[in-house]
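Novice: Shown below is the structure under consideration.
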Amino acid sequence: MHKKESFLINRLKSITYAFKGAFILVSTEASIKVQFFIGILMTVAGFCFNISPTEWLLQIAAIGLIMALEGVNTAIEEIADFVHPNYHVKIGLIKDISAGAVFIFAITAIIMGCIIYIPKVF
Ligand SMILES: Nc1ncnc2c1ncn2[C@@H]1O[C@H](COP(=O)(O)OP(=O)(O)OP(=O)(O)O)[C@@H](O)[C@H]1O
């Protein structure tokens with residue numbers, strides 16, 4: 001019988017798989033690369049404008065969330081293409097809804113950025 005691996009080994013394996021997934025996203029997905037670049041720019045801006053610890057927390061949360069959402073969107077697109085590689089109106093709807101969810105948070109993140117930086121710039 002297959003020996004059951006310890007809880008710790010299983011957790012370590014899961015972290016390795018997740019790390020691999022994150023690397024695939026950052027190195028291959030154009031949308032994630034763009035978000036990653038914007039995240040770096042916003043981090044530089046954070047230092048330049050000396051934002052407060054609370055503003056840092058909100059900014060880091062926004063950068064992390066938008067990249068995570070882009071990752072989930074990519075996974076949904078991959079599943080959609082795998083289960084139905086040909087054109088289908090339902091696949092189009094699924095992809096549009098998934099992209100729409102990312103868009104909603106992108107708008108939220110832009111508003112957060114405006115609230116943090118507009119008073120510092122003007
Ligand atoms: N198989 C399909 N059937 C119907 N419509 C599709 C299909 N594939 C894509 N679409 C339509 O084209 C749009 C773009 O799909 P696509 O998979 O190219 O995503 P994308 O926005 O280019 O993603 P990314 O650039 O993040 O990889 C979808 O939102 C959907 O409206």
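Don't overthink the numbers, they just go from 1 along the chain as shown.
Every residue gets a Cβ built from N, Cα and C, even glycine.
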Novice: May I ask you to find which of Glu55, Glu77 TrEMBL records for the ATP site already listed with Tyr17, Glu29, Lys95, Asp96?
Specialist: Glu77
Novice: Enumerate in sequence order the recorded positions Tyr17, Glu70, Glu77 whose Cβ-atom distance to ligand 1 is under 6 angstroms.
Specialist: Glu77
Novice: Counting only residues 6 or more past its boundaries, what in the same chain has a CB within less than 8 Å of a CB in the transmembrane segment (21-44)?
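Specialist: For the transmembrane segment (21-44), the far contacts come to 59, 63, 66-67, 70-71, 73-74, 113.
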